[in-house]
Every structure is written in C-alpha cells, then in structure tokens.
Amino acid sequence: MKPPIFFLIMSTVISGTLIVMTSSHWMLTWIGFEMNMLAIIPILMKKFNPRSMEASTKYFLTQATASMLLMMGIIINLLYSGQWTVPNNPNPMASILMTTALAMKLGLAPFHFWVPEVTQGIPLSSGMILLTWQKIAPLSVLYQISPTINPNLLLPMATLSVLIGGWGGLNQTQLRKILAYSSIAHMGWMTAILLYNPTMMILNLTIYIIMTLTTFMLFMLNSTTTTLSLSQTWNKMPLITSLITMLMLSLGGLPPLSGFMPKWMIIQELTKNEMIIMPTFLAITALLNLYFYMRLTYATALTMFPSTNNMKMKWQFESTKKMTFLPPLIITSTMLLPLTPMISILD
C-alpha cells in the first residue's frame, strides 16, 4: 500500500473513532462507526491473499450486523423518547439492542467467534490496530450509556468472555490467536467493572492497549507468528525474546508486572460493591490466561523444540525498523505496579 493512501485510510479510521467518542448525537455516532469499519477493511487486506480476504469478509459481515442492530436500537429509542441524545434513558428493548451491537463490535462472548479467525488471517501490523484502536469506539459508547445498561445482560457476557478467553487460548500455537483470546478476556474484565466504576474501565483499557501494542511491535521486530518460530529467535535477538516473555507474563496478569494491577483493582472494586461470586469466578478463570502465557514462556525460554539436522536456523539482517516509542512502552508494560496507590487515589 502506498504511503499517501495508507495515510488517508488511517486518517479516516482515526476520524471515525474520534467522531464516536466526541458525539452526543446517535446518528453521528453511527456514522463514525461506519467510517471506522469501512476504512479499516483495506488495512486488513494489506497483504492481498485469500486468507486476508476471508478475514476481511468475516469482519465486515460481523460489523455490518452489529451496525444494523445498533441502528434498530437507535430508531426504537427515537420512537420512544423523541430524542437523538446519546446518554438519555433509552427504552429497555433499545438498550438491549445497543448493548448487543456494541458487544459484537468488541468481540464479547457469545459474539467472540470472529476475533480469533480475523486476527489470524491478517498481518501483525493490522492485528495490532484491530486489537487496540478498534476497541476504543465501542467502549466509549458503553461508557456513555453505562448508567442505562441492563446488568443482567452485560455481566453474564463479561464473565463468559473471561472464561472463553482463557479456555480458547489453551490449545493454541499461533501467537495472533493467543493474543485474540487474550483480548476477549480483557474485554470481559473491562465490561465487568463498567457498571460499578467506569473510570477504572478506562484505566484498564489504557494498560491493555499499551501491553498489546508493545507485544505486537516486538513480534513485528522479531518477525515471529508461531510458538515454534518464537522459540528459535534466541540466536538472533536474545534481548527482544526475553522482553517478549516478560510482556506475555504481564498480559497474563502475573504479579509484580503491570498486567496484575487492573485485575487487582477490579477485584477490589467488585468486592467493595458486595459482590463475592463474580470476582471469585473472574480470579479463577484468569488463571487460565496466566497458564497458557506461562506455558508459552516456558516453551520459549527453557525448552528446545525437536528439530532435524537439516532444519534451517532463523537468521536475519540487522533490523532497520525505527520504533522510537518502544523503550517507554516496554517500561510501562512491565513496571507500572508500584504506582498502584497513586492511581487508586486519582481514581
């Protein structure tokens, strides 16, 4: 893709998200979602092959269905209240339709089916945008309408997302699918706390985006997409590979790394709201995520995969990619836990 075209498409993606975030009119919100969806498809198809075309088609069909449900909810709300304002008190049926549509756009269970397949079929750079930037717009709308969301609908989806995000990643060897299931689980954590402390959801989203962004950038720097290729990168980039193992443990939520902080704060907040069963279930299912990340770290750092004598060793020229923001991102992704008291005071 030529740089001017890529710049134009990325500008449209960013503009669509900003329109959704700043709009207080339902029609403008819907238009922002459509701009975002139509502009991201050429980025998903950056490598023109059958797999990326299939992934883009799945993404388009899912997002178009979600947009249709969202518009149905908006129209029902308009007929009920006569207003286009976003944070008004919608009709219960409209609220259910809107929540379902936004859950489909986010990839919450049971509407998670598209996330692993789409992420696996696209390049690492496109997957990075899909699992980070594309989560901002739906979560911003959920944040605005959080007082009117039915908890009997959202909380079961949140707990199911955390369970499926951990369970689905157990049997994976493809790094993109592992990150996709991890994204489903993180979305579950965010929507679980949304109804009780929306500000904490923003904190969780920020930390998730930083960690996922850094992990994808290191995978791109290392040119690795599978567990096998990751285990063979010690000879060419030992420092980057060791940083990847640290980041994966942070994504799994292992203390004392940054990924543990949002989980700790969410469990604490849910307990303050006199909820016992849900934070217990979330903590137990989070161990599934931690298990497959620890298994991946163990396979990368402490074992050698079986190989034949004529198997080619991975090598490459010195990387020419300029990633200026990588060092501060790595520090933030791994060493944020000591700042928890200060962040909790601000919250």
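The backbone N, Cα and C atoms fix where each Cβ goes, glycine too.
According to Swiss-Prot:
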- 3-23: transmembrane segment (TRANSMEM)
- 25-45: transmembrane segment (TRANSMEM)
- 59-79: transmembrane segment (TRANSMEM)
- 96-116: transmembrane segment (TRANSMEM)
- 122-142: transmembrane segment (TRANSMEM)
- 149-169: transmembrane segment (TRANSMEM)
- 178-198: transmembrane segment (TRANSMEM)
- 201-221: transmembrane segment (TRANSMEM)
- 237-257: transmembrane segment (TRANSMEM)
- 274-294: transmembrane segment (TRANSMEM)
- 325-345: transmembrane segment (TRANSMEM)
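Listed by sequence, the residues of this chain that lie at least six past the ends of the transmembrane segment (25-45) yet keep a Cβ under 8 A from its Cβ atoms are 1, 5-6, 9-10, 12-13, 15-19, 52-53, 55-56, 59-60, 63-64, 67, 70-71, 74, 77-78, 84-86, 105, 118, 122, 126, 129-130, 134, 137, 141. When Cβ-Cβ distances below 8 Å are used as the criterion, the transmembrane segment (201-221) is approached by residues 124-125, 127-128, 131-133, 135-136, 139, 143, 175, 179, 182-183, 186, 189-191, 193-194, 237, 240, 243-244, 247-248, 250-251, 258-259, 261-262, 265-266, 319, 321, 323, 326, 329-330, 332-333, 336, 343, 347 of the same chain, each at least six residues removed from its ends. Counting residues 6+ beyond its ends, the transmembrane segment (325-345) has Cβ neighbours under 8 Å at 203, 207, 210-211, 213-215, 217-218, 221, 243, 246-247, 250, 255-261, 264-265 in the same chain. It is 96-116 that, among the stretches 59-79, 96-116, 122-142, forms the most Cβ pairs under 8 Å with the transmembrane segment (149-169).
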